[in-house]
Amino acid sequence: MNPNQKIITIGSVSLGLVILSIILHVVSIIVTVLVLSNTGTGLNCNGTIIKEYNETVRVERITQWYNTNIIEYIGRPSNEYYMNNTESLCEAQGFAPFSKDNGIRIGSRGHVFVIREPFVSCSPLECRTFFLTQGSLLNDKHSNGTVKDRSPYRTLMSVEVGQSPNVYQARFEAVAWSATACHDGKKWMTVGVTGPDAQAVAVVHYGGVPVDVINSWAGDILRTQESSCTCIKGDCYWVMTDGPANRQAQYRIFKAKDGRIIGQNDINFNGGHIEECSCYPNEGKVECVCRDNWTGTNRPILVISPNLSYTVGYLCAGIPTDTPRGEDSQFTGSCTSPLGSQGYGVKGFGFRQGNDVWVGRTISKTSRSGFEILKIKNGWTQNSKDQIQKQVIVDNLNWSGYSGSFTLPVELTKKGCLVPCFWVEMIRGKPEEVTIWTSSSSIVMCGVDNKVANWSWHDGAILPFDIDKM
């Protein structure tokens, strides 16, 4: 075959393949039209299939139009209603573990923040652990000196409850060295206190956006709860202190809606001292159990009504629950006055159950070690010493720290009452241990209908870390 014949043959074959391809495409179109015309209303040219995927960072709506996908990013749907939170507390027979973050153990080899003052608060959909970071990581040189309470590096951040305070899952909330946070059913509200001691400012964030501020009115370390604030029917309440930690200070209740302050009221408490209140909703009011850092080894009690009227006094029970404290047998109890001369103190909590009260305290009378919760019959209203239940959470061979309260809303549990819960901070490092840093992890417990065995859910990290040996 000469070259011309080869060219003609190749051209003929190519032309034949092109014609065959055109025929196949025509047949494909005819078959598709015939099939679609026989499917009735099941599929039509104007029909679409829409699928929505609720991802962590966005909601995707994927529209499938036969063999074509159109991806559209849409806004995350917001909750429509405020939480009620006017129900009574559920009766608790014991407290079961809800979560434990093991942050310090994980932080020996993971990217975990140096923190203090962790606390838990819940929305209708989830509970989150909030914490004050030191702007540094465990086992890193910047963790040196983090025993200090107030610095420009401290921030309020949060993770889903049970997660360690790690850099990959933490969400920024506010610049703060003192804070509170709560959810009204629609959005999170946070209050972060920062700035110099004499001119500190509290910034109120709502839905992640700063919307209001509170300036220091006494010029002496404006500070707040270090635990969950309380929202009832869309109004959120919290307590702040401004003034000395070891003598008479000034105390105020604040009320906000959608992050904007709509009311405040001074608390008249001459001779008494209020710090770091642990508050919860109960029967339409806010009940708080606080810290007396001046003289009392009994805890201040504050009950707030929606109109910002209040009653204030001390937990009546004849058993002291602050630290340091004296012997139980030597304590008489008072509903109106501070008792004891120990000074100092530690953040704590309690829950009213009718006239009875559940109260938490360190097991040690002199240091922040061990933790137990007691139920005292008639302890809310009388100087009762009648301990009807006790549960150990951390044994006295291990460090504890702050503790505080929160509740599980009925929207989350589908119960007709608010489940009482608490958290216990377990402080590690300075000043009790030979490290360059101070941080903490936490255990979280919630009320159940059964008694729960004693155990020790302690921190468990083996110290010192590598950074402490350099």
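Backbone N, Cα and C atoms are what each Cβ position is placed from, and that goes for glycine too.
Disulfide annotation in Swiss-Prot: Cys290 is bonded to Cys277, selected among Cys277, Cys279. Among Asp266, Asp322, the residue that Swiss-Prot places alongside Asp292, Gly296 at the Ca(2+) binding site is Asp322. Of all the disulfide-bonded residues listed (Cys335, Cys421), Cys335 has the fewest other CB atoms within 10 A of its CB.
Of the listed disulfide-bonded residues, namely Cys231, Cys236, Cys279, Cys417, the sparsest Cβ surroundings within 10 Å are found at Cys417.
Candidate disulfide-bonded residues: Cys277, Cys288. Fewest other C-beta atoms within 10 angstroms, Cys288. Taking Cβ-Cβ distances under 8 Å and a sequence gap of 6 or more within the same chain, the neighbours of Asn398 (N-linked glycosylation site) are Ser369, Gly370, Met426, Ser456, His458, Asp459. Residues of the region 'Involved in apical transport and lipid raft association' (11-32) grouped by DSSP class, helix first, strand second and coil last, total 22 helix, 0 strand, 0 coil. Distance noted between the C-alpha atoms of Cys229 (disulfide bond) and Cys290 (disulfide bond) is 13 Å. Cα proximity to Cys290 (disulfide bond) (within 10 Å) is found for the following recorded positions from Asn84, Cys122, Cys279: Cys279.
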